[in-house]
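Have a look at this one before I ask anything.
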Amino acid sequence: MARGPLAFQLWISVCLLLFFRARCFYLPGVAPQDFQNGDPLNPKVNKVTSTKTQLPYSYYSLPYCRPEHIVDSAENLGEVLRGDRIENSPYEFKMREPQMCNVVCHVTLNAKTAKEFKEKIDDEYRVNMILDNLPLVVPVPRPDQENSLVYQHGFHVGLRGQYAGNKDEKHFINNHLTFTVKYHKDPMTESARIVGFEVKPFSVKHEYEGEWSKKTRLTTCDPHAKRTVTSSESPQEVEDKKEIIFTYDVEFQESDVKWASRWDTYLLMADDQIHWFSIVNSLMIVLFLSGMVAMIMLRTLYRDISKYNQLETQEEAQEETGWKLVHGDVFRPPSNSDLLCVYVGTGVQFFGMILVTMLFAVLGFLSPSNRGGLMTVMLLLWVFMGLFAGYSSARLYKMFKGTEWKKITLKTAFMFPATVFAIFFVLNALIWGEKSSGAVPFGTMFALVFLWFGISVPLIFVGSYVGFRKPAIEDPVKTNKIPRQVPEQAWYMNPAFSILIGGILPFGAVFIELFFILTSIWLHQFYYIFGFLFIVFIILIITCAEITIVLCYFQLCSEDYLWWWRSYLTSGSSALYLFLYAAFYFFTKLDIKKPVSGALYFGYMLIASYSFFVLTGTIGFYACFWFTRLIYSSVKID
């Protein structure tokens, strides 16, 4: 008898351990670090990325200079899934001690290494680095505004160009880096905190006299002669048997920016005015439509219910029209009711995950300084929200007079996650084939499977057990034994037409924000306007609910009582528009040529659209469920 409680306690302990372990990876990165003059700084290298291929690679997959021992930094679950591979670098800085023309290493290319560099230059790969948890950026002047800068993440591996008077295109590598470390000094203690990490990359064909050795002095870049690298130098070509000398400078610059505000420049969006105007405009339109819809519904329903309740004679009662006429069939269980219960349960799980994630983000717990924090939190919340998924699917299943609650629980636990995991597994296999660091390692894959089978599935069973033990939800009106025939409907009440029309408004509420979210994901920019995103999410909930209620009302008025699935699909059809918009974005905004990269894009957007379908469908279903119960409990049924 003691085995049951002991196993349960052990399971809870493992869950808590996993939760706190995931948290402790990223919380310490928030604390400021003080540096004294001469303190060693440890810049780290991260993945090399490209918006043209969407396939990240580890820094040392390219023949760059290496330290004596390569040390991996501990990464959380979100970082691993993003493809981050943070490792130590051969660059050595000391706080507030400028350096000029430090030689990192001397490399002679062969045919293979030259080809690797050329491929990365053709695909416009950028090298990402980190110092004191700040990503490396390249400041670029904004063409539309004077004295204004845009910060691009990482520097290009190289560039393509032509020599003067020669039409042949050559590949040149950025082999000299001028780092600028910005710091904010504390006047009381003389200690400093790092508030910026910038770089200017150069391609320089370094020259020297005699044979190469570690003590060789360069003639193109000499700290003794105070000769620095400029953009007018002859560039370093990438070809077989060419020698490349990697060098760097370090400058330190005092800044007025305080440590707490150091991320502000990174999060400044290049088109912020258009962004704010578009969102406010979208919100105003949607709020106006919502107000009109709510007003029409209240006036129409109030008139209908008053009229129905004032029927006095038996003859009048027999001449019922509109939605009251189908009262004996409106709560008849739908076909494939098991599947509806599963999708509603999964939608509740999604809704809970997104709502809590948004609240965390709005409160500032998921800032970009916590790399991978957003994805880690979303995964953990998804797992723990399984409790509500099981509860809601079992409650609905019992209302439909279902008896096999374990069967419905298993379907809820496996149907949606198995579909997503299958797509994810295929995409991961494609990434493995490209030898990219974006491929999820076996250990992480095992952790994901454990989260699913070890925590999510048991919680769904617990929720189902509690939900099924509750008394069944009672219908406000009795259901007839013989189903009523649905009359022929007008063309505009055709299910396919009304479902497709119903998805336009919810999509319209989010599509402007969707553009910025897609840009942040696929063009590697920071997204940190969670306050507005939360408002848009609330507007999405309202529009999904209202459009479903309106169309459900029209459907019932035309004596069609098959509203269960229609209510789910009406708002859920917005996912179709989301996927079509993602395809439009792919062909107009992205420059992806590789078939594998295209498959990754559409695979991940298919998962996103499927998730959006489940979320919006569930919101529409519950709105319609509440609405039908409200109106049929408000009229006198003889």
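The backbone N, Cα and C atoms fix where each Cβ goes, glycine too.
When I checked TrEMBL for this same protein, it listed these features:
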| type | residues | note |
| --- | --- | --- |
| SIGNAL | 1-24 | signal peptide |
| TRANSMEM | 276-298 | transmembrane segment |
| TRANSMEM | 340-366 | transmembrane segment |
| TRANSMEM | 372-391 | transmembrane segment |
| TRANSMEM | 412-433 | transmembrane segment |
| TRANSMEM | 445-468 | transmembrane segment |
| TRANSMEM | 499-523 | transmembrane segment |
| TRANSMEM | 529-556 | transmembrane segment |
| TRANSMEM | 568-587 | transmembrane segment |
| TRANSMEM | 599-627 | transmembrane segment |
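Looking at the shown structure, can you explain where the listed features end up?
Within the same chain, residues 19, 22, 25-26, 75-82, 84, 345-346, 348-350, 352-353, 356-357, 360-361, 365-366, 409, 412-413, 448, 451-452, 455-457, 459-467 sit at least 6 positions outside the transmembrane segment (372-391) and bring their C-beta atoms closer than 8 Å to a C-beta of that stretch.
Outside the transmembrane segment (412-433), and at least 6 residues removed from its termini, the chain residues within Cβ reach (under 8 Å) are 55, 341-343, 345-346, 386, 389-390, 393, 439-440, 445, 448, 452, 456-457, 460-461, 464, 596, 599-600, 603-604, 606-607, 610-611, 614.
Packing against the transmembrane segment (568-587) from elsewhere in the chain are residues 340, 343-344, 498-500, 502-507, 510-511, 514-515, 518, 522, 544-545, 547-548, 551-552, 598, 601-602, 605-606, 608-610, 612-614, 616-621, 623: each is 6 or more residues past its ends and has a CB under 8 Å from a CB in it.
Sequence-distant contacts of the transmembrane segment (599-627), counting only residues of its own chain at least 6 positions beyond either end whose CB sits under 8 Å from a CB of the stretch, comprise 54-55, 340, 343-344, 346-348, 350-351, 354, 416, 419-420, 423-424, 426-427, 430-431, 502-503, 506, 522, 540-541, 544-549, 552-553, 563-564, 567-576, 578-579, 582-583, 586, 590, 592.
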For the transmembrane segment (340-366), which stretch among 445-468, 499-523, 529-556 has the most Cβ pairs under 8 A?
529-556
Near the transmembrane segment (445-468), which residues from the same chain, at least 6 beyond its ends, have a CB less than 8 A from one of its CBs?
11, 14-15, 18, 77, 345, 379-380, 382-384, 386-395, 397-398, 405-406, 408-409, 412-414, 417, 421, 428
